[in-house]
Amino acid sequence: MSTAIRENVDLQAFNTLGLRARAAHFVELTNEADLAPLLARAKAEAWPVQLLGGGSNIVFAGDVSGLTIRLSLRGIRLISDSQAGAKIVAEDCVIIEAAAGESWHEFTQYTLAQGWAGLENLSLIPGSVGAAPVQNIGAYGVEVADVMHSLRAYDREQGRVVELSAADCGFAYRDSIFKSQQPGRYVILSVRFALSAKRPLVLGYGDIQTALATAGVQEPSAIDVAQAVIRIRQAKLPDPAVLGNAGSFFKNPLVPSAQIEQLQAHFPGLAAYPAQLSTPGWQKVAAGWLIEQAGWKGYRRGSVAVHERQALVLVHHGGGNGAELLALAADIVASVQARYGIHLEQEPVLMGG
Ligand SMILES: Cc1cc2nc3c(=O)[nH]c(=O)nc-3n(C[C@H](O)[C@H](O)[C@H](O)COP(=O)(O)OP(=O)(O)OC[C@H]3O[C@@H](n4cnc5c(N)ncnc54)[C@H](O)[C@@H]3O)c2cc1C
């Protein structure tokens, strides 16, 4: 086995919040064939196994015991191209596969440069391709569930590589079987996407139309949409390279429409909108609005804070730890619950501690 296991490894550079934590055992997986022997070793040593991608959706609550495997598998390949006469999925559709360790943003830009639309609204989301299905990443009206064809994963229960269709993944709003139902069972090795030059663009969310108009674009291409999304995100969200953060710290809560109507009578500004993949009669409420109206925007406590432009984002100014961040998050949850009767659920995954 070429992959070396290191001990007592500093994880600060491996999480975008920049929280301090150490991994008891740590390995960078660059070769798929090394995975099964690594998992066998972890089993023999009774080490719990943690999977790490880009660390942009993780809060380290403390040190991480057992074996942390960082998925660094690389490679992008075209699986099928209907125009080339290969396995036809839909007319003008390509199936393209990326290995788990590829950068998500770079992959989206690569596909767009080839002329394939589908991932433009998901530009500039940090992290790896392998983690994208885990919480069914989404932005500006598009989720991975809308564009994913299938994935390959190592099933730790069966001890073999399996292929899962998008339907097998149990996708829901910021959720999948990998996040809530069977966490840790599957190590995602590569993900396949169905993209097409003729895929209709999704322009109705957020400020996309405004950003396109500002740029003077009248008949946008997928690349124009990606550039608009990138500009909006750069203006709204803190860059983790400059200020530690994990993006949205809370999910937008799903609330029964009847409760929303009652709340809107007291809080006329409360914004609600239909959720993709959700049950009829429920709507999503903007968690950032709830937090901002509860007075938290810009609040700082020691080294952790609520971002001054985006109340949904908790930030770490450096020198702090996961416990401080989680204490602030707990106070925000309690305050929103007391004010609106709505429970906020944390989006990033807890690890260690
Ligand atoms: C500034 C900023 C903006 C963001 N904006 C968005 C957004 O718009 N929409 C959105 O949905 N998210 C957003 N996020 C969250 C984050 O980018 C995504 O959740 C991303 O998919 C996480 O990828 P990662 O590789 O960093 O995963 P990590 O944080 O390393 O891991 C996340 C989870 O996935 C698991 N995991 C990682 N790789 C694998 C694998 N190969 N197989 C199985 N499990 C694995 C981990 O064990 C962990 O449970 C944002 C984050 C930041 C910092």
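Backbone N, Cα and C define each Cβ position, glycine as well.
Of all Cβ atoms in the shown protein chains, 20 besides its own fall within 10 Å of the Cβ of Arg174 (active site). Per TrEMBL, active site is recorded for Arg174 (among others).
A 10 Å cutoff on Cβ-Cβ distances gives Ser248 (active site, proton donor) a total of 20 other Cβ atoms nearby, all chains included. Per TrEMBL, active site, proton donor is recorded for Ser248.
DSSP assigns Glu347 (active site) to coil in the three-state reduction, outside any helix or strand. Around Glu347 (active site), the same-chain residues at least 6 positions away in sequence with a Cβ under 8 Å from its Cβ are Asn57, Gln135, Arg174, Ala246, Gly247, Ser248, Phe249, Phe250, Lys251. Look at TrEMBL and you will find Glu347 (among others) tagged as active site.
Residues or ranges marked as domain 'FAD-binding PCMH-type' in TrEMBL: 19-198.
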